[in-house]
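*Asks:* Sharing the features that TrEMBL gives for it:
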- 87-212: domain 'Phospholipid/glycerol acyltransferase' (DOMAIN)
- 12-35: transmembrane segment (TRANSMEM)
Amino acid sequence: MLLSLVLHTYSMRYVLPAAVMMGTAPTYVLAWGAWRLLSAVLPARFYREVDDRLYTIYQSMVLFFFENYTGVQVIIYGDLPKNKENVIYLSNHQCTVDWIVADMLAMRQNALGHVRYVLKDGLKWLPLYGWYFSQHGGVYVKRSAKFNEKEMREKLRAQMKAETPMYLVIFPEGTRYNPEIPKVIADSQSFAEKEGLAILKHVLTPRVKATHVAIDTMKDYLDAVYDVTVAYEGTVDHKGQRKLAPSMTEFLCKECPRVHIFIDRIDLKDIPEEQMYMRRWLHERFEIKDKLLIEFYDAKDSKRRNKFPGKSVHSKLSLKKTFPSLLFLGGLTASMLLTESGRKLYVKTWIYGTLIGCLWVSIKP
């Protein structure tokens, strides 16, 4: 009985973070909405500066749970600049925590508010979040033939015109690498073989469209491209086979002791402009990722497993960077819920904010 209680308590470790992160969403949207209305007559740049600060507050709270609360070790390899830059962030994709890893790196450059995502179109229907990500500069895209290049270019040009700082996160694989769905991996490898490309083991064959449109549209605006490879320690079974990477729930239950992040900063001049050549370049970058991950998971020498080559830094995030945001948003939400009128406003924000958001994203990308 006692053991069952302990196990149940351990599995519920995600409840507090989930409740706080989801529970503060209406408060955040209300604060952002008020600023949006107040800034309607102000220059777009001024609106973006405050929007980025608001976004930093919310995401700092999120990072409190994903780093300080979990106690995960973040191990960084390669060349992560200390200063802010306008960049495109290209990464392998294996789980929902990959989005948080981008925040982890941006936080270490004091660029957390600048993070924008290229997202699958279906995510725009998320309650509150789907609408807000679009307002914060996120770009929703459809796959394959439905991909709307013109729409994406227009969105990025609007961001540049407003002089929006850019930390644009793209996962070129288009979907997650999931060892439990071997058909997706097999189809990806078959496509690569058909196209005469190297067959990849630990990543999927990347798609070039979104990456090409982003780099081509913003080539005079960007400082660099960050090629990022992420590995979650403990994602192999006793036979040495890849397991599913941790979900957000599992991560918050402290089931991932270390995250390894390899960063390669690439100058724009080293990236071909034509799509057909960029496609080859992007695949070559994923070949490099694959080799890094083969070394990480499959190295014959056990001492070389569970780490990337080269020097590494154990990067610990200070509570000073995250805890004040938790207190601020948590305090605002708690004070709202203490009164009857506040509770009514809170519930209405969830309901009407979701409805308005869905209507907005269905009309305007």
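Positions of Cβ are set from backbone N, Cα and C atoms, glycine also.
As the structure is a computational prediction, the values presented were derived from the model and not from experiment.
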*Asks:* Give me the DSSP three-state residue breakdown of the domain 'Phospholipid/glycerol acyltransferase' (87-212), ordered helix, strand, coil.
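*Replies:* Taking the domain 'Phospholipid/glycerol acyltransferase' (87-212) as a whole: 59 helix, 18 strand, 49 coil.
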*Asks:* Mean pLDDT for the domain 'Phospholipid/glycerol acyltransferase' (87-212), rounded to an integer?
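*Replies:* A mean pLDDT of 93 is what the model gives the domain 'Phospholipid/glycerol acyltransferase' (87-212).
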